[in-house]
Amino acid sequence: RAGLARRGGKMASTAAGKQRIPKVAKVKNKAPAEVQITAEQLLREAKERELELLPPPPQQKITDVEELNDYKLRKRKTFEDNIRKNRTVISNWIKYAQWEESLKEIQRARSIYERALDVDYRNVTLWLKYAEMEMKNRQVNHARNIWDRAITTLPRVNQFWYKYTYMEEMLGNIAGSRQVFERWMEWQPEEQAWHSYINFELRYKEVDRARTIYERYILFTLLVIVHPDVKNWIKYARFEEKHSYFAHARKVYERAVDFFGEEHMDEHLYVAFAKFEENQKEFERVRVIYKYALDRIPKQEASNLFKNYTIFEKKFGDRRGIEDIIVSKRRFQYEEEVKANPHNYDAWFDYLRLVESDADAEAVREVYERAIANIPPVQEKRHWKRYIYLWINYALYEELEAKAKYFFCLFLQDAERTRQVYQACIELIPHKKFTFAKMWLLYAQFEIRQKNLPLARRALGTSIGKCPKNKLFKGYIELELQLREFDRCRKLYEKFLEFAPENCTSWIKFAELETILGDIDRARAIYELAIGQPRLDMPEVLWKSYIDFEIEQEEYEKTRSLYRRLLQRTQHVKVWISFAQFELSSGKEGSLSRGRQIYEEANKAMRNCEEKEERVMLLESWRSFEEEFGSDATKERVDKLMPEKIKKRRKLQAEDGSDAGWEEYYDYIFPEDTANQPNLKLLAMAKLWKKQQQESEAAEMDPDKDIDESQS
C-alpha cells in the first residue's frame, strides 16, 4: 500500500558511548492507495474464512469402569473449579446438580443443591429445580420436605404454594392440599390465591366450604384492603347464583351496596345486580336499581349503566320507559355542558326545552332558577342579550305553561309568581348603564292581560323615568292609542320630543295624530317646530311629509312657499323635479308655464354645480316634460341644452401615493362650456379632420368600391 511510512534506524552506540539520532525515512508517495480497506471489510473476510473457529473435540468412547471413573473425576473437577471461581453464579450449581442427576447420582445432586442453598437461599429457581428433581425421581417425602422448607423460608413467593398444592392434589392427598391452602391463607395472599382455593373446593363439590372461603375473603377485604374491589363481591354473588342459591346471591348484592354506600358507588355493581334480577324476572326491581344508581352516580361514570338500562327498557319496557331513558341521557349531556360552562346560555335554553316537555312544574322552576343565577360577569349589553331571554322564557312559562298544566285543578291563574319574575328581572338589570325595552314592554303587556292598567302605566312610566329609549316611548304611545287616551298620547309625544328632538319619525307621527284628530293648526304648528330644529336625523323625510300634508289640505300657496323655503336650504335636483311635478299636477290654469319656469330656474341654478350628473338628470326630466306637454320649439330648445358625453382618462394614485394606473370615465360637456372654452372647439375640428382623412385613405385602398359607388 502507498502512503505508509517506514520507520528505520536503530539505536546504536559508538565505542565512545555516544548515541546516534535515528534517521526518519521520507515518504516519497503520499497519494492515497487505489484500494482502500476498512475495518469492517477485515472483519467480514475473517468471518468468511472462519479463522477463529476451533475444530470440535474428538469424540471419546468409554469402554470400561476405570475410564468412566476418570471421566467423572475430570468433569467434577471442572465443575468444582467453576464453583470455586465464583460461588454466587447459581447457574453453575444447577448445571453441576443436573449433571449428577443425569448420572443417577441423586445423593450427590441433593448435596450440591444443599450447598447451593447455603450460598443463596433466596433464589427461587434453585428451590424449584431442587423440588422438581425430587418429584421427577418420585421422592415424594423429600419433595414435601423441600416445599415445606421453601414456603417457610419464602412465604410470599406464590409459585411455591401453587406447586406444592398442585403436587398434593395430583397425588390425591386432598386433605394435605387443603391444609397447605389453609397455611397459605394465613399469610393473607393476593386475590388469585383465594380464587384458587375456591376453585379447588369446587372441583371436589365442596360448595359450603367454598362459600365459607368467600366469606373469609370478603371479611379480609373489609378489614385489610383500603379500597376493596367490586368484582370480588360480584364473583361471590355469581357463585351463589350459579349454584341456584338466589336468595343468598341477592343478599350478597345488597350487602355490597350497603358496604360501598353512596360515596364509592360503582356502576359495574349495579349493572350486575340488575342483570341478576332480570334473570329472576323481577323487572320492577331492575327498574328501581337502575334509577337508584342513575340518580346517585356521577353522569360521566355511568355510560355503561345508561346503555344497559336502555337495552333493558327496549326488551321489557313500554314506550314511556324508553322515552324516559332518552330524556335522562339528554339531560345528562346538558348537565355536563352547563357544568363545564355555566354561562353557555344556549345550552340552558336546550336544557329548559327538554325539561319543559317532560318534567313537572317544580323541576322546571328549579332549572330556571339555576339558569338565571348565572349572571353575566361583565355589565355590557352584548353579554346580557342572551341572558335576558332566560328571564323572558321563565315569565312566559309561569304565565302560560304552568297555568295550562294546573288550570283544571286550581281554576285560577297564578299571576303573582309571573309578576315576581318580571320585577326581579327589572331590579337585576343595571339601568344606569343599559336597559332592555323589551322587558318593560312585556311586563306592561302582562299587566294589561291581567286587567291591571295602573300597574302597566306605572311600569312604563318608571322605565321612561329611569332609562328613556325610543322603543319605550313608542310602546307606551301605542298602548295609549289602543286605549284611545289621546291626551296621554299628546303628553307622551311632548316628552318623547323633549328627549329626542332630532327624531323626525316622532314629529311626523305626532303631526299625523293631530291630523287624524282634525286639529290641522296643531299639526301645522308641529311641522313648523320640527323643520325649525337645528339637528334632524332624516330632514328630507320630514319636509316631504310636511309638503304632502299641505297638498292633502289643498293649500297650494303654502306648498309653494314650503318648496321655496326648502330650496333656500338645499339645491338638490330631486327637490326641483318634485317642485315642477307639483306645479304640473296642481291642474290649475298656467300650471305648464309655471312648471317650465321652474325647470328654467333649476337649470340656471345648477350651472355652477359640480355634480354634472344631477344637471343631466334635471335636463332629462325637462325633456320628458316637453315631449309630453311642449311644442317643437320648446323641445328643440331643451335639446340644445343637452350636453355631449365624452370619454376621458385620469391618473390614479394608491393610498401610499404611488401610481395606480389610469382610469377611464365619462364626462359631460354642456353647450355653454364649449363656448367658453375655444380649445374644445379646436379639438372637435381636429377630430372631424382625422375622420375625413381615414375615409379618404380607405377610398384610395379600394378603387373598385368607388367605381361601384359612382355607378350606383
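Heads up, the Cβ atoms here are built off N, Cα and C, so glycines get one too.
TrEMBL does not curate its annotations; it predicts them automatically.
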Q. Which stretch, out of 1-27, 190-216, 541-567, is listed as region 'Disordered' by TrEMBL?
A. 1-27
Q | the domain 'Pre-mRNA-splicing factor Syf1/CRNKL1-like C-terminal HAT-repeats' (91-389) [mean pLDDT, rounded to integer] | A | 85
Q) Do you know the DSSP helix, strand and coil residue counts for the domain 'Pre-mRNA-splicing factor Syf1/CRNKL1-like C-terminal HAT-repeats' (415-564)? A) 116 helix, 0 strand, 34 coil
